[in-house]
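Listed in TrEMBL:
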DOMAIN    44-103  domain 'LIM zinc-binding'
DOMAIN    104-161  domain 'LIM zinc-binding'
DOMAIN    162-221  domain 'LIM zinc-binding'
DOMAIN    222-280  domain 'LIM zinc-binding'
Amino acid sequence: VVMKADASKKQLPDKQDHKASLDSMLGGLEQELQDLGIATVPKGHCASCQKPIAGKMIHALGQSWHPEHFVCTHCKEEIGSSPFFERSGLAYCPKDYHHLFSPRCAYCAAPIVDKVLTAMNQTWHPEHFFCSHCGEVFGAEGFHEKDKKPYCRKDFLAMFSPKCGGCNRPVLENYLSAMDNVWHPECFVCGDCFSSFSTGSFFELDGRPFCELHYHNRRGTLCHGCGQPITGRCISAMGHKFHPEHFVCAFCLTQLSKGIFREQNDKTYCKSCFNKLFSL
């Protein structure tokens, strides 16, 4: 009898006609079974069409359905015994459910149907949450955020950390702040002798730090007599600079006054010694 009913099914172009034809066939089948003395006790009523179910049936969402009436709420395609999703008491095929309700990946905008990663107040496919600069997926060290973009630690520090005034590499942890810049402690040294400033005192010249000796050396303010920096009064003579007390006669060591001395072989002499030593 079932084979006869199956053989009588026809594909009608109009859904309403198809439904009427199907109902007619089911009614005819039930009548034939009764004529043969076979009792057809309804198994319940279909939650969709409210008619009795005498043949195959589906139990879902706490109700019974004709198989052909258990369809996706969105696309109306028959679900049958295929997997489905429930939302607010309604059934959806997997494709429509994910399209309508699954979270979207912030990178590719596609629905996330399996594992979801939540970061920066957004959802992501785990494989799509990676460094905006190098493209590597983040490891155990996590990520850093800048302008709403994620970066690995290496690229974040290289791109956004302040640069050392000495070596121009990123300053990551310990640092010194001086001359409107930041420095690795080992990079904040004299620009000439590379010695550190143990006293904390340094001199700035052209944006670089120098110890007192090399600062004055570069400025030409070292005493030509003793070789030490001149910080107070200064005498200029013979293209050099002197502490006043070191501008002396090379022979008698008497302190000279600027303008009252004699010069011989790049040495200074008082008038008396010069006359004694070099007069003919």
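Each Cβ is built from the backbone N, Cα and C atoms, and glycine gets one as well.
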Counting by DSSP secondary structure, give me helix, strand and coil numbers for the domain 'LIM zinc-binding' (222-280).
11 helix, 19 strand, 29 coil
What mean pLDDT score does the domain 'LIM zinc-binding' (104-161) have in the model?
88
Over the span of the domain 'LIM zinc-binding' (162-221), count residues by DSSP class, listing helix, strand and coil in order.
11 helix, 17 strand, 32 coil
